[in-house]
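Shown next, in structure tokens, is the structure this report addresses.
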């Protein structure tokens, strides 16, 4: 038995300079797990609650001392003495103790930090790397793959202070044979994009996720700049590198008018018009994945978009599904989207995260493992992507150590696993096999 002997919570700082929760779980035998909760900027309305103190005299109200107190008191008292290797039981104890539908008593940030720290401690006690332990928890021991990265190299929307409405323009280095090579291709395109933007007189400051955040004239111009950068780097768009976008449409959807208002371009669209706008972009550029291409509540719009684009484009639900099996189940039954974005802190525990990945895969949906815009040096999502053989990961650009930490962990894992973890490339993307 991997007996829990101590649980410690503390307030640390994330990549945006805001507080977040870090937890340590200590086991008999001296094994320790350490994990931190990430934090989102554009959040789905049905996400589990991230508990903030609201005390304006500390961190502008964003302190997390209440969540930390829950870790150090109620949660610690409930799990000390329990077996850390029973992850589902530990997570359920915390969920039941919280007692709310959205983890609002203790905060998903408190429960998640302990959940992940517990898994890390249990893995250490078994002498396993975290990815191997996650594969065991997932019921797929020894089954691994290296994920295709979606690298967010131009940031807009809520992730940047600019006039670009679409939140993320991403590259996927599909021509790579290994994860390490994919990272190299991404880096080369990133540096060439800096040169392209500079030559056009644009700012090369970066956004929350390490991508550039210039004031471009249109969303199409962002794609044109990326195309030029790919070619300057010596690669062919569509063959070596494909494109993906996160529209984060809920951020520019006007619920009163029912229109998608792209202020950066001075244009507005009905739900169906916006789908056809995206369809035109897909004809002009090799865009193989679109995330949140409609407002999270516009299920009719999503159904139409799935009908129009779903055979050839991966349609990823983020704000739409919020890593929640109840919502995902309904989406699967209604034929909404064909992929889910997986974010630990949207649901708030490792067990529930694994359940969402399994449900998606069983239904023929893909699962894209994702960071949040507020991150730390914690690289657990790298192990999650490999240990569940998810096939795809979204963890930012080629700058900011909070992003690069995940790529570096993937490089280490690939080195350790060798040919036991194949890099699937474009085959991992829905509609591209």
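Cβ from N, Cα, C; glycine included.
The (2R)-2-phosphoglycerate binding site annotation in Swiss-Prot covers 167, 343, 372, 373, 394. Under the DSSP three-state reduction, residue 343 ((2R)-2-phosphoglycerate binding site) is assigned to coil, being neither helix nor strand.
Here Swiss-Prot flags 209 as active site, proton donor. When secondary structure is read from DSSP and collapsed to three states, residue 209 (active site, proton donor) falls in the coil class.
Residues annotated as Mg(2+) binding site in Swiss-Prot, with sequence analysis given as evidence: 246, 291, 318. Around residue 291 (Mg(2+) binding site), the same-chain residues six or more apart in sequence whose CB sits under 8 Å from its CB are 168, 244, 245, 246, 247, 248, 315, 316, 317, 318, 341, 368, listed in sequence order.
According to Swiss-Prot, the active site, proton acceptor annotation covers 343.
Nearest to residue 209 (active site, proton donor) in space, judged by Cα atoms and limited to the binding-site residues 167, 343, 372, 373, 394, is 373. Cβ proximity to the Mg(2+) site centre (mean Cβ of 246, 291, 318, cutoff 8 Å) flags the following additional same-chain residues: 167, 168, 245, 247, 248, 290, 292, 316, 317, 319, 341, 394. Sequence-distant contacts (6 or more apart, same chain, Cβ under 8 Å) of residue 394 ((2R)-2-phosphoglycerate binding site) comprise 149, 150, 152, 170, 246, 341, 368, 369, 370, 371.
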